[in-house]
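Annotated features, as they stand in Swiss-Prot:
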- 1-21: signal peptide (SIGNAL)
- CYS32-CYS69: disulfide bond (DISULFID)
- 92-114: region 'Disordered' (REGION)
- 100-114: compositional bias 'Polar residues' (COMPBIAS)
Amino acid sequence: MRLLLLTFLGVCCLTPWVVEGVGTEVLEESSCVNLQTQRLPVQKIKTYIIWEGAMRAVIFVTKRGLKICADPEAKWVKAAIKTVDGRASTRKNMAETVPTGAQRSTSTAITLTG
């Protein structure tokens, strides 16, 4: 009885390592299978990811959350990346801008004496 219990306990302890090995066969979530050749409107692109996996690609993420793989060597892809980077740097510059001039106080405390 003790031998059976000890064997069962040993199998339970080894199970996590055996199951972990099976998961390595699953493809990664963001891997590209094929590349988009048709030009994507730049105004629909929110951001992009440069993918260096089995297939080198640029993954564009649209404003609706769709992920589209494209050839990083295509001219339209390079132009889209420049545009998206330009928008990001413009937003960053606007966020870093400090307003000049005096600002009025927004505190409107009223003191009553009686």
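Cβ coordinates come from backbone N, Cα and C, glycine included.
In sequence order, TRP51, GLY53, MET55, ALA57, ILE59, CYS69 are the residues near CYS32 (disulfide bond), counting only same-chain partners six or more apart with C-beta under 8 A. In the three-state DSSP assignment, the secondary structure recorded for CYS32 (disulfide bond) is coil.
Around CYS69 (disulfide bond), taking its Cβ as the centre, 19 other Cβ atoms fall within 10 Å, counting all chains.
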